[in-house]
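A.B. asks: In case it helps, Swiss-Prot gives these features for our protein:
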type     : residues  : note
SIGNAL   : 1-19      : signal peptide
CARBOHYD : N46       : N-linked glycosylation site
CARBOHYD : N57       : N-linked glycosylation site
CARBOHYD : N106      : N-linked glycosylation site
CARBOHYD : N199      : N-linked glycosylation site
CARBOHYD : N207      : N-linked glycosylation site
DISULFID : C248-C265 : disulfide bond
CARBOHYD : N254      : N-linked glycosylation site
ACT_SITE : H269      : active site
CARBOHYD : N293      : N-linked glycosylation site
CARBOHYD : N329      : N-linked glycosylation site
CARBOHYD : N354      : N-linked glycosylation site
DISULFID : C392-C398 : disulfide bond
CARBOHYD : N400      : N-linked glycosylation site
Amino acid sequence: MKLPILVTLFITLPALCVSSKTPSAPTISAYPKSPGNFKPASGRQNSTSNVCEVKPNQTDAAPGILAAAHTCNNGGTVFLPPGDFVVATALDLTFLNNIDFAIWGNITFKKDIDLWTTQAFQYTFQTASLFWRFGGNNVNIYGDGKGVIDGAGQYWWSAMAEDSSVMRPCLLGTDGLHHATISGLTMLNSPNWFNLIANSTDILISNMTMLVESEISDAPAKNTDGWDIYRSSNIVIQDSRIVNTDDCVSFKPNSTQIVIQNLDCTGSHGISVGSLGQYQGETDIVEDLYIYNISMTDASDVARIKVWPGVPADTSGSTSGGGLGRVRNVTYEHMQSENNDHIISVSQCYESKNQTMCDSYPSKLVIEDVLFKDFKGTTSKKYDPEIGELTCSSPDVCHNITVQDINVTPPSGDSPTFTCNNMGNSNLEDITCA
């Protein structure tokens, strides 16, 4: 009897089999906000016969995952069932087309700094690197509340405490991913950023959980941003919980048309634009952002914009400011603050030693048309009664910043104040600049 071709694949590739179990992909949509012309993945793949189940593998699951992706590409589903999957080979999944990834198992990455120093996918921007990356068109990646990606962060943070130059990969990355959804995954203890969204468009990310816990006080978690978005547009991140030690979300250069909504962030540095303008001569653009309905607790800031100042005219090749570009059309609305140091921090003098030096070399990156609206809650005692900072390097490069409907109380109960510098024609009637 002639064996069906898919059974033959099972015989020749023991790590891969065709499963009769068809995981149920969630139906999710951007709500209540979305960018114009937003088009994430078209929904669950229709084929119920083309489901490639990858067997758990505690030596190296990467070959099995890669084989499944090739076999079930163009209309199928890759299924990682409950069990342990150790990835010990860098996994390039940037060829995907019309495919689902159902991750119900526990994914970890081999603890081997030398291995990942040579194998991880390297990016010049802020020396980011990735264990694995997803790219392609019309892709759904989902965990249904079962899947876990564990970065074993303490191993990497301890190594960094001994050698600050240790390369630490991000836990999940997209590079050239278009029309996609990512949902229902728990991510633990990332060595570096949890997620890098690069060179991608039309991605809906929903119902994610990200948790960081350091076990050694002398080797704390470092750089555990929830999401870093870089050279990407039409992105929605929503309905997720993040407990970390760095930015909850960070908009890196050339992030546009993005909605962030319904997040619960704890212990972070806030929802941050930047830092931008760090590299002399390079142009960074971040515009058309809507950040809505965020709960922020025990953070340094709720809403934050970080821009480097300019540099002296005779400077060449600076990596400490002098970059070009703009931050434009950014809205933070309906933000709940609990015990955060500042509710709003705008700095066009990021990493500058003092305001006088920053005033001498104003930023070449313009901030304009920014709205902070409807902030409620409390701040910490760190700057009491100051609840925010608005610092531009010159009124010539800082326009139309509006702060309104602020109902935030410092611990002392005194009238809240802001530090304000070079704000020019901004609309600050609803706050007190001290």
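Cβ coordinates are placed from backbone N, Cα and C, and glycine is handled just like the others.
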A.B. asks: Within 10 Å of each Cβ, count the other Cβ atoms, then let me know which of the glycosylation sites N254, N329 comes out lowest.
C.D. replies: N329
A.B. asks: Indicate the candidate from N57, N199, N207, N293, N354 with the smallest number of other Cβ atoms within 10 Å of its Cβ, considering only these glycosylation sites.
C.D. replies: N354
A.B. asks: Just to confirm: which same-chain residues, 6+ apart in sequence, have a Cβ under 8 Å from the Cβ of C248 (disulfide bond)?
C.D. replies: D225, G226, W227, I242, L263, C265, S268, H269, G270, I271, S272, I294, M296, A299
A.B. asks: Find the shortest Cα-Cα separation between N293 (N-linked glycosylation site) and the recorded positions N57, N106, N207, N254, C398, and name the residue that gives it.
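C.D. replies: For N293 (N-linked glycosylation site), the closest Cα among N57, N106, N207, N254, C398 is found at N207.
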A.B. asks: Counting other Cβ atoms within 10 Å of each residue's Cβ, which of the recorded positions N106, H269, C398 comes out lowest?
C.D. replies: N106
A.B. asks: Residues with Cβ closer than 8 Å to the Cβ of C392 (disulfide bond), same chain and 6+ apart in sequence?
C.D. replies: V346, Q348, S363, I367, C398, N421, N422, M423, G424
A.B. asks: In angstrom units, rounded to an integer, how far apart are the Cα atoms of N354 (N-linked glycosylation site) and N400 (N-linked glycosylation site)?
C.D. replies: 24
A.B. asks: Give me the CA-CA distance between N57 (N-linked glycosylation site) and N199 (N-linked glycosylation site), in Å, as a whole number.
C.D. replies: 31
A.B. asks: Inside 10 Å of the Cβ of N400 (N-linked glycosylation site), count up the other Cβ atoms and send me the figure.
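C.D. replies: Cβ-Cβ neighbours of N400 (N-linked glycosylation site) within 10 Å number 14.
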A.B. asks: If we check Cα distances from N400 (N-linked glycosylation site), which of the glycosylation sites N106, N199, N207 wins as closest?
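C.D. replies: For N400 (N-linked glycosylation site), the closest Cα among N106, N199, N207 is found at N199.
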